[in-house]
Amino acid sequence: MEHIQGAWKTISNGFGLKDSVFDGPNCISPTIVQQFGYQRRASDDGKISDTSKTSNTIRVFLPNKQRTVVNVRNGMTLHDCLMKALKVRGLQPECCAVFRLVTEPKGKKVRLDWNTDAASLIGEELQVDFLDHVPLTTHNFARKTFLKLAFCDICQKFLLNGFRCQTCGYKFHEHCSTKVPTMCVDWSNIRQLLLFPNSNISDSGVPALPPLTMRRMRESVSRIPVSSQHRYSTPHVFTFNTSNPSSEGTLSQRQRSTSTPNVHMVSTTMPVDSRIIEDAIRNHSESASPSALSGSPNNMSPTGWSQPKTPVPAQRERAPGTNTQEKNKIRPRGQRDSSYYWEIEASEVMLSTRIGSGSFGTVYKGKWHGDVAVKILKVVDPTPEQFQAFRNEVAVLRKTRHVNILLFMGYMTKDNLAIVTQWCEGSSLYKHLHVQETKFQMFQLIDIARQTAQGMDYLHAKNIIHRDMKSNNIFLHEGLTVKIGDFGLATVKSRWSGSQQVEQPTGSILWMAPEVIRMQDSNPFSFQSDVYSYGIVLYELMTGELPYSHINNRDQIIFMVGRGYASPDLSKLYKNCPKAMKRLVADCLKKVREERPLFPQILSSIELLQHSLPKINRSASEPSLHRASHTEDINSCTLTSTRLPVF
């Protein structure tokens, strides 16, 4: 009838009548009133007729600005009616309170018990809120490209482009977004709460946990390793069953694609029971006491509100098939870093042939998902400082990916420190030049020099100093593909005095730069020291000999090179060696470190030299030396012909 009355007003405006004429109760024609059988009452003004009392339904307002309407049957309680609506949104009745909204005075609400008969509330409006003392945190997702090695917390697969919660650090793929738990634990706030056990009210007005729970959580946190206590370390506490939250009410004003998670939006919030938090913090510890929760009463939760009807066991059950042995123990997520996935169990690697021994370790050929090279380092009983420094360097080595670099595959720490790299079938450059005396052509020697400079340029771009650049560590793989190995690992190539790292001359004498031999600086190793070693390799390529072959005394070589009295004899370079290569060898072997070029300049010089080399193009008129197969079957008699008579 209101629409009809509005229509009459519209018509009246067309005839210049006043709107006040139609405002009274008698403005409608009696004919219209009789036809519709409806007469407007003063009590109906501004109120839509409520049909909920006749349809046995209750309107419920839920957290996160959601609402629903539930059907009521006889004998059902509020818990029974609202259980499904709460479950699909990832909520628990034990962490919520239900209120009945009172019309007068407006905004007042009366708390109800979950066991209240729902039939007595038909037609009423209810509101479900979180309990005030429930520690509540919401997700804050942001799109992120993980430049460092990362794995999805849901599918445990490699993660490059995905999302991460800025609060708890939970990271996942886009296609795994539907499985992200709704609970978000801000561990920095929890630890801040644990630091003040005597405060009853926090800054946000949230009551603190009871002393018993505080003490247990504080004991658990005290056992957390320091390495895992950072703001984004989040253990795998999402072990409870949560349904996927409905998309209704979770999108922004501009509806987005359902295949993309909402970025910078608060997800459906899951209240955090302190029992879950206590179990989560206990997961951080490797040696958590199994009876940490045995003293909790069964009828009350640690925070004081009533527990679910199902009693909670005092000790969490182990998953079937779990083993207490250390090798099968699954580490908590908060304790894992990306290096964990690169550690190889010693029992998985089978060593076979001993390849050789060097200054820093022994190399073996082994089997680990195929042929690998295992270098067992000469580090006996590493100190915690050495072990941590070794892990830091491994974190750098595992990021190296280049065609001219030996592929790093993992490391081992049990019994001895060892690194595992790809296996190179070819021999080292040293063996080719000085043992087998392989005869390379000049363009092949220049290409080997180019590939070596290319690999070293990559390492220096990664801020990795080789420290032991020599022909023994350059391998020719599957033909003439250069592979550089044994790079980095300053921890192994240095001497330790207690917990302090002391630099010492490392590498072979013939390839050591003069400043490294002198050891006058605190850290003589630099990009230029690698360039000097590379210059010695160029000298080997262009002469086929080792430098200082006329000096047989090792100490004399150290003294003369360190003082600058001796340098490689460049007159022994091959006669057909290009002049540009001769200049490059001389520049790399400069006695003053600052005068040596860096590898970007070296690489560009060699590439320019390669392009300038003369190439003999095949003549177009030259016949092919490879005859077709059918020509071999031609009989010589077919080529003879009868002599024709001459007229």
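We count from 1, first residue shown onward.
Backbone N, Cα and C atoms are what each Cβ position is placed from, and that goes for glycine too.
Here is what Swiss-Prot says about this protein:
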BINDING   I355, G356, S357, G358, S359, F360, G361, T362, V363, K375  ATP binding site
COMPBIAS  239-269  compositional bias 'Polar residues'
COMPBIAS  286-297  compositional bias 'Low complexity'
COMPBIAS  298-309  compositional bias 'Polar residues'
DOMAIN    56-131  domain 'RBD'
MOD_RES   S43  phosphoserine
MOD_RES   S259  phosphoserine
MOD_RES   T268  phosphothreonine
MOD_RES   S338  phosphoserine
MOD_RES   S499  phosphoserine
MOD_RES   S621  phosphoserine
REGION    236-269  region 'Disordered'
REGION    284-334  region 'Disordered'
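For the binding-site residues given as I355, V363, the lowest number of other CB atoms within 10 Å of the residue's CB is seen at I355. Cβ contacts within 10 Å of G361 (ATP binding site), excluding its own Cβ and spanning all protein chains shown: 21. DSSP classifies S357 (ATP binding site) as strand under the three-state reduction.
Within 10 Å of the C-beta of S357 (ATP binding site) there are 12 other C-beta atoms, taking all protein chains into account. Across the domain 'RBD' (56-131), DSSP classifies residues as 17 helix, 32 strand, 27 coil. In this structure, V363 (ATP binding site) is part of a beta strand by DSSP.
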